[in-house]
Amino acid sequence: MTQPLRIVFAGTPEFAAQHLQALLDAGKSIVAVYTQPDRPAGRGQKLMPSPVKQLAVQHDIPVLQPQTLRDPAAQAELAALQADLMVVVAYGLILPQAVLDLPRLGCINSHASLLPRWRGAAPIQRAIEAGDSESGVTVMQMEAGLDTGPMLLKVNTPISDEDTGGSLHDRLALLGAHAVVKAVDALAAGTLTPEVQDDSLATYAHKLSKDEARVDWTRPAVELERLIRAFNPWPICHSTLNGETLKIHAAQLGEGRGVPGLILDASKAGLTVACGEGALSLTRLQLPGGKPLGFGDLYNSRREQFAPGLVLGQ
């Protein structure tokens, strides 16, 4: 009987933890887990372990949390594990060539896009923002470039008009977890045929920033509606009204025209705001110190605050 692959898993957030759970459920031999150092979180700024570390500890898997993998001592520690394969999912540290070369079968990565489209840090949100009709997960053999390695397996899923960054994230985490298990089995059996990426088709999913979440009402309503969905649950689009920050959790295309940012209509159905082209109906908002509410609930108690003729973003 062939020996099971000795797998080292490297990942940090919940997206990665779901991949680790799938490998454990499939009975894979995880000899160690690499994850980012514990970070301060919450109001008390207590050091919190990553979701991947929490899962590894539950399963008594050794956890390593180096600040960098460029350090010869950290590389020696990894080499001592004698891994056949390293599975990397949203780890957050760059793997130098010396690390990529250590496992017998190299390192594979689960990336939340249909490569070569949306290489980089925020593929889920950028796909929604751009109006893509589908997304997916690509499992690839890692190389030194950013998400440039040969593709081993792809799984796709349609992007619906209701999808948010959060809903698509959750779906891709599930798809990716199954895909990684399938890829590991195929690698062990030697049945995978790597497909080289066409660099001419590559696009880059730049990291999200809070500055991008400030709504520019001169943009077309169609673009802003996609941005609001893409940036939910983080960083959440926002604007200002009456000197207060207004977080916009949900919106849909509305009717009407006017100066960008002008409130055209307010009703329990939504707050209709003019854009550079068309209008948006804001349906779920959050005021400072409050929680997200359907606009109907806000309208009942603060009708005068959302009067037509007022302008957002000033």
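For all residues, glycine too, the Cβ spot is worked out from N, Cα and C.
Note that the structure is predicted; figures quoted are calculated from it, not measured.
Quick look at what Swiss-Prot lists:
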- SER113, LEU114, LEU115, PRO116: (6S)-5,6,7,8-tetrahydrofolate binding site (BINDING)
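Within 8 Å of the centroid of the Cβ atoms of SER113, LEU114, LEU115, PRO116, where the record puts (6S)-5,6,7,8-tetrahydrofolate, the same chain has further Cβ atoms from HIS111, ARG117, TRP118, ARG119, PRO123, GLY136, THR138, ASP147, MET151, LYS154, GLN197. DSSP assigns LEU115 ((6S)-5,6,7,8-tetrahydrofolate binding site) to coil in the three-state reduction, outside any helix or strand. Of the listed binding-site residues, namely LEU114, LEU115, the sparsest Cβ surroundings within 10 Å are found at LEU114.
Of all Cβ atoms in the protein chains displayed, 25 besides its own lie within 10 Å of the Cβ of SER113 ((6S)-5,6,7,8-tetrahydrofolate binding site).
Taking the Cβ of PRO116 ((6S)-5,6,7,8-tetrahydrofolate binding site) as centre and 10 Å as the limit, one finds 20 other Cβ atoms among all the protein chains shown.
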